[in-house]
2 protein chains.
Amino acid sequence: MPERSKLYFTVAETLRRARNIALCGHVMPDGDCLGSVLALGRALKIMGKEVLMLSPDPVPEMYAFLPGASEITVTGNGYKAVDVFVSVDCSVPDRLGCHHSFLERAGRVIVLDHHAGATVFGHIYLNEPGYAAAGEMVYELLRLLPVSLDPEMAACLYVAIITDTGSFRYDNTGPQTHIRVAELIKLGIDAARINKLLYEEKSLVSMKVLGRVLQSLRISDCGRVAWMSVRQDTLRELNARNEHVDGVINYPRAIKGVELALFYREIEANKYKVSLRSKYFLDVNKLAAQFGGGGHQRAAGCIMEGDLAEIQRRMLEAALTALKDEHT
Amino acid sequence: MPERSKLYFTVAETLRRARNIALCGHVMPDGDCLGSVLALGRALKIMGKEVLMLSPDPVPEMYAFLPGASEITVTGNGYKAVDVFVSVDCSVPDRLGCHHSFLERAGRVIVLDHHAGATVFGHIYLNEPGYAAAGEMVYELLRLLPVSLDPEMAACLYVAIITDTGSFRYDNTGPQTHIRVAELIKLGIDAARINKLLYEEKSLVSMKVLGRVLQSLRISDCGRVAWMSVRQDTLRELNARNEHVDGVINYPRAIKGVELALFYREIEANKYKVSLRSKYFLDVNKLAAQFGGGGHQRAAGCIMEGDLAEIQRRMLEAALTALKDEHT
């Protein structure tokens, strides 16, 4: 049996023996950490455990429909210590936020995570960089626990997987991802309804912001770079918060021929947060680094100061040079 | 063996015996009929058959990347007759468009379709209303042919399935859909790249149209009905054709609390094509019928004449009544 598979048994055994268990996802929780915490938490409750489901930040409204979501607490309910603490979808201790302090107060610390290049910590460290979602790890773990997967757990794991794979569009989606989802659907979830609840219940404000921001869409003469921007007064006028602007950068990136998309969001007078996204090949981490920023190969950001038109001119020049370099 | 499974063997045997074979999808071809025709066509060519791949309408640009897409012909290449004609993803003879006439000139006619309530025609009629895509039928059929599925066929079938399931979001997506896709991915396709080619290569014009149309977004006081509109002069100004407006109705429908989305597109002075979409329960087919239109429960359309504001007032009144009726 491979070393990693043995770890699942060790995790299962540790959970079986525990009396009270805390489960915690990362700061700025997403569908994967919430769905994973809720599915595992439900299973452990059914097994008779005392379960504390934690999140360092509140559950975003779009995930409020997840079975059990209201049981997730940000405060920790005054708990002082637990037998077992499970860090779910998180292997950077700082990303546990305010619940970081549990690490010293738990009998055993288990880490269940799928991020590559993560920090090793805790007593049992289980990392699956080949998995698209932590929800896939929880699915495998649940099969080793003396509890039957029910439709509620399946719905939570389904959300974990579709949110972390961009509905199976990202390159982390493997054959096993689809096979596990097939099993979840067999358990009787209403996948179409879940998708509507997730992707067709957007705020009116975000839709208005999208319309307004698209008015600023520009594209370079060569057609490889597209950008948009938004001023603070526009966001104020529309009563928009930062969350309402999330994801608008996907629109310029989705234009035919565009390799690099840029979005300039004014954060104070003459100061802009610039988001960079590439489609197939450009290393935007390197491009952002030229302006003191950073990130990943396909998604990065930086802060730029000055007049918007001047900032955009400087960035475009650097971008066109980077695009040229990639082809020589 | 169930009757339907036997039919797959009959189809496979008929194709094995044929010398020349025409494959044809429906008018206004989509990813499912094109991907299905191309995957089956490629397999039959490898088997040494003379294969004619037909489409009544040209292949839309977004599908031009499909392996073999350039071999699909609209004209029929002067063919007079074939041993076998296969109607793919189409069981309404009229929807074969100009290639309809092949039906009388083929030795055998095979129908492979998954639409419910379709017309029975041809010598071998194979219908799988439980399948999300015709591509799933072709996948099953290819397993019975003396040819190995290769990555090119897999890519075509992958596109067939993701386009007809809305990336696995529609309620036609069953466990078997995911299991078949897992097998396709195992054959070595680059699913992430295919998704980018399909969904992140949109025209600049369509993005500008979206931005402009979103400016017209309005929502009823109760928050259940949202609508947008576009005038002919706006489309002319943006150099937009009808295809550039496709899909914009998904935006008002995706607003939180909205059950009914409406889109008014001016087709001539004071004449509007109205598209209706509902999210969870409203029967828009019935609503559209009040104005001489029709369609399906969640997607319908009608034509309305008059002043835009007046048309919108009449429709909203009918819509609010329909929404009220659904809840009493």
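Glycine residues also receive a Cβ, built from the backbone N, Cα and C atoms like all the rest.
Residues or ranges marked as domain 'DDH' by TrEMBL: B:20-161.
Taken from TrEMBL, the feature domain 'DHHA1' covers B:237-314.
With helix defined as DSSP H, G or I and strand as E or B, the domain 'DHHA1' (B:237-314) counts 22 helix, 27 strand, 29 coil.
Mapped onto DSSP helix, strand and coil, the domain 'DDH' (B:20-161) counts 54 helix, 30 strand, 58 coil.
The average pLDDT the prediction assigns to the domain 'DHHA1' (B:237-314) is 95.
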